[in-house]
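Student: One structure coming up, written as structure tokens, with questions to follow.
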Amino acid sequence: DCAGYMRECKEKLCCSGYVCSSRWKWCVLPAP
């Protein structure tokens, strides 16, 4: 199971293509 866009990544890893925001602790698109 993985965390999708804008989902919390405190306990789960983000789904493929997303990164965990260190500030907000949710999954976002990687910065260009």
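The backbone N, Cα and C atoms fix where each Cβ goes, and this holds for glycine too.
Sequence annotations record features per position, and here Swiss-Prot assigns disulfide bond to CYS2-CYS15, CYS9-CYS20, CYS14-CYS27 based on similarity to another entry.
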Student: Highest Cβ count within 10 Å among the disulfide-bonded residues CYS15, CYS27: which residue is it?
Tutor: CYS27
Student: Check the DSSP secondary structure of CYS9 (disulfide bond), expressed as helix, strand or coil.
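Tutor: For CYS9 (disulfide bond) - judged by DSSP and reduced to three states - the answer is coil.
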Student: To the nearest whole angstrom, state the Cα distance for the pair CYS20 (disulfide bond) and CYS27 (disulfide bond).
Tutor: 5
Student: Which one is it: of the disulfide-bonded residues CYS2, CYS9, CYS14, which Cβ has the fewest other Cβ atoms within 10 Å in this structure?
Tutor: CYS2
Student: Cα-Cα separation of CYS9 (disulfide bond) and CYS27 (disulfide bond), in Å?
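Tutor: Answer for this pair: 6 Å between alpha carbons.
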Student: What Cα-Cα separation, expressed in whole Å, is found between CYS15 (disulfide bond) and CYS27 (disulfide bond)?
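Tutor: Between the Cα atoms of CYS15 (disulfide bond) and CYS27 (disulfide bond), the distance comes to 8 Å.
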Student: Hey, how far is CYS14 (disulfide bond) from CYS2 (disulfide bond), Cα to Cα, in Å?
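Tutor: Computed Cα spacing between CYS14 (disulfide bond) and CYS2 (disulfide bond) is 5 Å.
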